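S.K.: Right, I'll just put the structure down here and ask away after.
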Amino acid sequence: MPRHHAGGEEGGAAGLWVKSGAAAAAAGGGRLGSGMKDVESGRGRVLLNSAAARGDGLLLLGTRAATLGGGGGGLRESRRGKQGARMSLLGKPLSYTSSQSCRRNVKYRRVQNYLYNVLERPRGWAFIYHAFVFLLVFGCLILSVFSTIPEHTKLASSCLLILEFVMIVVFGLEFIIRIWSAGCCCRYRGWQGRLRFARKPFCVIDTIVLIASIAVVSAKTQGNIFATSALRSLRFLQILRMVRMDRRGGTWKLLGSVVYAHSKELITAWYIGFLVLIFSSFLVYLVEKDANKEFSTYADALWWGTITLTTIGYGDKTPLTWLGRLLSAGFALLGISFFALPAGILGSGFALKVQEQHRQKHFEKRRNPAANLIQCVWRSYAADEKSVSIATWKPHLKALHTCSPTKKEQGEASSSQKLSFKERVRMASPRGQSIKSRQASVGDRRSPSTDITAEGSPTKVQKSWSFNDRTRFRPSLRLKSSQPKPVIDADTALGTDDVYDEKGCQCDVSVEDLTPPLKTVIRAIRIMKFHVAKRKFKETLRPYDVKDVIEQYSAGHLDMLCRIKSLQTRVDQILGKGQITSDKKSREKITAEHETTDDLSMLGRVVKVEKQVQSIESKLDCLLDIYQQVLRKGSASALALASFQIPPFECEQTSDYQSPVDSKDLSGSAQNSGCLSRSTSANISRGLQFILTPNEFSAQTFYALSPTMHSQATQVPISQSDGSAVAATNTIANQINTAPKPAAPTTLQIPPPLPAIKHLPRPETLHPNPAGLQESISDVTTCLVASKENVQVAQSNLTKDRSMRKSFDMGGETLLSVCPMVPKDLGKSLSVQNLIRSTEELNIQLSGSESSGSRGSQDFYPKWRESKLFITDEEVGPEETETDTFDAAPQPAREAAFASDSLRTGRSRSSQSICKAGESTDALSLPHVKLK
């Protein structure tokens, strides 16, 4: 778009950008009027604005007559001629001619398109004209044939001359109309486009036929005798009129498509047939050239071969010798089959192509129903209650339109009589009365300056509608009315002819005028239309032939297989894949993959739950066996261990499937297996660890004191206010019932006390008693016996224990280590049920060094470190005693309170104590023991 910043004295051209403030000052206060086209409506309505008063830049849409200041009248006159002009999206008029020329251009283009379709794309009655032209051409051909017969030469020549005159006129007019009507196509517009159209093959044929006809007629009329030879040659050119019958070239396109589709088969047949022709002709020529003069040359043999193999058989040349006849018969049988192949290939190709075209036409019939169905679906969707579409209701607002106020002023009484019953009812409604009142009040809302200047100028400007609150800020909810915006000066305004539509619609009708019941009715109608369109579309989907049925069946079968496969994939994702492989290696690989990757399917989860349930069942069975065997011991052991409370087993969270038999203590089992230690850490529970070894009741078991106990023990500072606890080994029972041996050692742990108990005395350190150890050589195992002594006895024992610990530290003596040893031939390890052994079957050995003790235990029981027995205290009341925790492996101790009662070891059956004779011992009473 050209842009030019004009001053006050310059004349504005079409499409100029002008600064209205400066232009108004230079022109003596004249104001610019800007016409803005309603692009969406496509009509000649102009919206006026008063931007000139604000000093904004305006786009002038006038012609050269549009000027500044005093040229406002020229602008008005030019804009009056622009009433019907269409505007582009950039605000530029699409047509610069008057409305009459626009209408003429529309008619011109319409006629041009119509004639082009009649001549190039005939439909309906247009075939009548083409049939007439065909009869003319065919009649001309017949007369040309009769003109060569001597008996009919005179009559045929005279009729042919008249017919050729008619043909020249018809073909000449048709050729000119074809060239002119081709301008409706974009590629054929202009003189270059016309030349491009004239170079088409059929236009070239028309030109040749027209020139030949003119030459023949001119030669006949002049009676030139020397032009007879030329006329005979031009007659052939007139035969080309038959070629132009198929203007669109559908026949040639069909033939070309068939030949192209079967080109390989045709080339193969023609190639083999040509080889047979060459060989047969040459062999017959060699045999017949001496005996038969008809085959004197190879060309004569080729002629004979062609006529014979094409099954024509003129009979002008025939072989005479028997050898030549045998060769011709053999090659005829072979060659005729290949020469006949192209005819069959082309015939089948034409049949298939015709059938395909029929199917294509059948499928093309589905386009309109499919488009109608899509349209109905969209309209039904857009009319939904939750839809925010505005445009979908606009087609239904036409029924609410009323005539413009201008037409009502011309004759309201006469127009009311011509109104239909529906319009009278609508106008009688409250909505119609409000529309009437708004239309009547248009003149009252006009500005005074407009009324004053309306008398002196031919134009008349109105103010815009004063919309109500509903549609004032919602212009998209109302129809685009043709009301202009107010302009202060009437000199730059446009006439009322630009203000109103061609239809004169002047009503303010919005989407909100459609009441909910009306919208509901519209939705119902659209739903019914949708169902009707769907039914019609289904009717067009009926199969055309058996091939379509097979294709539909195969497509449906393929879709079903895809859906089944998708369903199976989803089921496998939910339930897991239950693959059963015959190969062992592949099965192992699959199991390894399942172990490495977490299977989140339902099958994997079920398997995981089953494994965990089996592990829990095995653990519970083991614990129940232990509990039963402990209760079956003697009276003393029963009294001592009957108070053990075995709660339900609590599975470790770090391992999902490992049983207590397979669990390993990775923290320190490799170095500290079979050793007693005093743990003093404040974060981990305290406990006494007993290491159970695989043994039999008849075999001798040796317990060795490991020196690692001394190095791993941790001293606890003891204050005077704290209590003390003494742990010593003691034998419990001499008699034990025989019980089955467990497969692996078991870990038994007593949980620590609650941290809520704070002010309790601390225990004493663990010290061995050599005398007690000698007396307890024949004991089965060790247990804890709680003694109720006073504070003085506990303090005296604490002092002695301190001195003994110092002596152990100085001399490097070992602490007590309970390391059972049995021969290696035992296949199973003993459980807790073998904790109590008879004194006659067990011997305790004291190892002098750490290496000997640990080496002996490792030699006899290399796998013993995998299982341990932990006994810890559970909750105790404020008046009950609490036990310290002793571990064979180094474990940190939790902060806990200890009871004032001390613990010491003793024998339950013999009631003999390893400690001092004056100390009073009680039976083992551990009311809160928990397996963990």
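Each residue, glycine too, has its Cβ placed from N, Cα and C.
Feature list, courtesy of Swiss-Prot:
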type	residues	note
COMPBIAS	431-440	compositional bias 'Polar residues'
COMPBIAS	876-885	compositional bias 'Acidic residues'
COMPBIAS	888-899	compositional bias 'Low complexity'
COMPBIAS	902-914	compositional bias 'Polar residues'
INTRAMEM	299-319	intramembrane segment
MOD_RES	SER88	phosphoserine
MOD_RES	SER447	phosphoserine
MOD_RES	SER831	phosphoserine
REGION	370-378	region 'Interaction with CALM'
REGION	404-465	region 'Disordered'
REGION	521-528	region 'Interaction with CALM'
REGION	655-678	region 'Disordered'
REGION	876-919	region 'Disordered'
TOPO_DOM	147-156	topological domain 'Extracellular'
TOPO_DOM	222-229	topological domain 'Extracellular'
TOPO_DOM	288-298	topological domain 'Extracellular'
TOPO_DOM	320-325	topological domain 'Extracellular'
TRANSMEM	126-146	transmembrane segment
TRANSMEM	157-177	transmembrane segment
TRANSMEM	201-221	transmembrane segment
TRANSMEM	230-252	transmembrane segment
TRANSMEM	267-287	transmembrane segment
TRANSMEM	326-346	transmembrane segment
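Buried or exposed, and what's around them? Tell me for each listed feature.
M.R.: Sequence-distant neighbours of the intramembrane segment (299-319) (same chain, 6+ residues past either end, Cβ-Cβ under 8 Å): 273, 276-277, 280-282, 284-285, 287-288, 292, 325, 327-328, 331-332, 335-336, 339-340.
Within the chain, the region 'Interaction with CALM' (370-378) has long-range Cβ neighbours (under 8 A, six or more residues past its boundaries) at 526, 529-530, 532-534, 536-537, 540.
Under 8 Å from some Cβ of the region 'Interaction with CALM' (521-528) lie the Cβ atoms of residues 376, 379-380, 383-385, 393, 396, 514, all in the same chain and six or more residues away from its ends.
Taken together, the residues of the topological domain 'Extracellular' (222-229) have an average pLDDT of 56.
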S.K.: Please work out which recorded stretch in 126-146, 201-221, 267-287, 326-346 has the most C-beta pairs separated by under 8 angstroms from the transmembrane segment (157-177)?
M.R.: 201-221
S.K.: Per DSSP, what is the residue count of the topological domain 'Extracellular' (288-298) in each of helix, strand and coil?
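M.R.: Helix, strand and coil residues of the topological domain 'Extracellular' (288-298) number 5 helix, 0 strand, 6 coil.
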S.K.: What residues in the same chain, six or more past the boundaries of the transmembrane segment (267-287), come closer than 8 Å to it by Cβ-Cβ distance?
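M.R.: The answer is 295, 297-298, 300-302, 304-306, 308-309, 319, 321, 323-324, 327-328, 331-332, 334-335, 338-339, 341-342, 345.
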S.K.: Under 8 Å between C-beta atoms and at least six residues away from its ends: which parts of the chain pack against the topological domain 'Extracellular' (320-325)?
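M.R.: Those are 284, 287-288, 291-292, in sequence order.
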S.K.: Please report, as numbers and ranges, the same-chain residues at least 6 past the borders of the topological domain 'Extracellular' (288-298) whose CB is under 8 Å from any CB of it.
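M.R.: For the topological domain 'Extracellular' (288-298), the far contacts come to 281-282, 304, 316-321, 324.
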S.K.: Within the topological domain 'Extracellular' (320-325), count helix residues (DSSP H, G, I), strand residues (E, B) and coil residues, in that order.
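M.R.: Residue counts for the topological domain 'Extracellular' (320-325) by secondary structure: 4 helix, 0 strand, 2 coil.
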